[in-house]
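Noted in TrEMBL for the protein shown:
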ACT_SITE  HIS66  active site, proton acceptor
BINDING   ASP67, VAL70, GLY72, ASP74, SER76, GLU88  Ca(2+) 1 binding site
BINDING   HIS194  heme b binding site
BINDING   THR195, ASP242, THR244, ASP249  Ca(2+) 2 binding site
DOMAIN    25-323  domain 'Plant heme peroxidase family profile'
SITE      ARG62  site 'Transition state stabilizer'
Amino acid sequence: MASLSFLSSYLILLSASFGVLAKGQLDPCFYDKVCPQALPTIKSIVEDAIKQEARMGASLLRLHFHDCFVNGCDGSILLDDTPTFTGEKNAAPNINSVRGFEVIDRIKSAVDSVCGGYVVSCADIVAVAARDSVVALGGPSYKVQLGRRDARTASQAAANNSIPAPTFDFARLLSNFESHGLSMQDLVLLSGAHTLGFARCTTFRGRLYNESCTLDSSLATSLKSICPLQTGVGDNNLSPLDGTPAKFDTVYYDWLLQRKGLLHSDQQLYKGDGSGSDGLVKYYSQNAGAFWEDFGSAMLRMGALSPLTGSNGEIRMNCRTVN
């Protein structure tokens with residue numbers, strides 16, 4: 001009887017939510033009527049996860065980025081591989097790198113419980129969890145557009161080709177962002193998410209040992225103690241992306257001005273010759289308020305990349321598998 005009651009609630013809520021989704025538009029108030037406890041529940045679990053491990057905030061933010069840059073913000077990154085299905089988790093930019101899936105599972109279970117059915121999509125959970133992570137670590141809040149549906153497919157090839165690599169130079173970074181309909185300003189702003197979290201030795205070894213002219217010497221010395229030259233040794237050792245990896249601030253941009261960008265792609269945003277995005281990096285380094293406001297706007301632009309709405313996709317019962 002309990003399962004029948006749950007199913008009946010689900011069908012009623014699904015009917016109510018589909019009426020909005022059929023319009024094909026996202027809405028920050030989408031769950032206000034169909035499940036007002038959805039967003040507070042997500043926020044509570046994100047905050048708890050970050051209390052247990054501050055690094056998780058950066059991981060959840062990155063999960064949203066890696067989802068949206070591969071065929072849109074559709075939750076495809078969450079799908080597990082099966083004998084007959086190859087997802088995105090083992091793509092080169094994601095394997096041994098993207099994390100936070102267990103937190104998304106916890107959120108999905110809790111949200112389904114408070115909503116009385118399968119109402120909130122996994123794609124929306126990822127988007128909201130990213131925002132709540134930023135806020136929990138001292139950053140700005142912004143109204144997440146909601147009403148996405150979940151993909152029934154994923155593409156490892158697209159993940160390999162669509163997510164910008166830490167080895168990209170400025171021209172390639174900009175081209176990648178423009179291919180997603182994003183601007184140079186979006187590139188600088190979304191890269192500013194590297195104010196949070198850590199990177200693995202394998203992602204910055206090349207810069208550390210081959211770019212001494214653009215890397216602060218004192219930082220290089222400290223990095224060599226955790227990231228040996230030999231490939232395969234210490235590959236997963238971590239270094240913070242800026243000096244305050246658990247605080248959302250503008251130190252990331254300050255570090256770029258000081259030639260302390262950890263990744264090659266980071267330092268490419270500021271070369272010190274007035275070219276490319278040098279001016280934007282300087283501006284956000286000196287104007288935290290502008291970064292706060294503009295970062296939220298950039299996240300909304302990224303979050304609007306090719307969402308599934310209407311009859312497209314589904315609301316997954318389990319974020320790791322299609323229904």
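Cβ coordinates come from backbone N, Cα and C, glycine included.
Keep in mind that TrEMBL annotations are predicted by a computer and have not been checked by a curator.
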Cα proximity to THR195 (Ca(2+) 2 binding site), best match among recorded positions ARG62, GLY72, GLU88:
ARG62
Quick one: of ASP67, ASP74, GLU88, ASP249, which of the binding-site residues has the smallest count of other CB atoms within 10 A?
ASP249
Give the mean pLDDT for the domain 'Plant heme peroxidase family profile' (25-323) on the 0 to 100 scale.
97
Checking your reading of the structure: which of the recorded positions ARG62, HIS194, ASP242, THR244, ASP249 lie inside a 10 Å Cα sphere centred on GLU88 (Ca(2+) 1 binding site)?
none
What are the non-local neighbours of the residue listed as 'active site, proton acceptor', defined as same-chain residues 6+ apart in sequence with CB under 8 A from its CB?
ILE77, GLU88, PRO93, ASN94, VAL98, ALA159, ILE163
What's the CA-CA gap between ASP249 (Ca(2+) 2 binding site) and SER76 (Ca(2+) 1 binding site) in angstrom, rounded?
30
When you measure from the Cβ of ASP242 (Ca(2+) 2 binding site), which residues in the chain that are at least 6 apart have a Cβ under 8 Å away?
HIS194, THR195, VAL251, TYR252, ASP254, TRP255, LYS260, LEU262
Enumerate same-chain residues with a sequence separation of six or more from GLY72 (Ca(2+) 1 binding site) and a Cβ-Cβ distance below 8 A; give 'none' if the list is empty.
LEU305, SER306, PRO307, LEU308
Give the distance between the Cα atoms of SER76 (Ca(2+) 1 binding site) and ARG62 (site 'Transition state stabilizer'), rounded to the nearest whole Å.
14
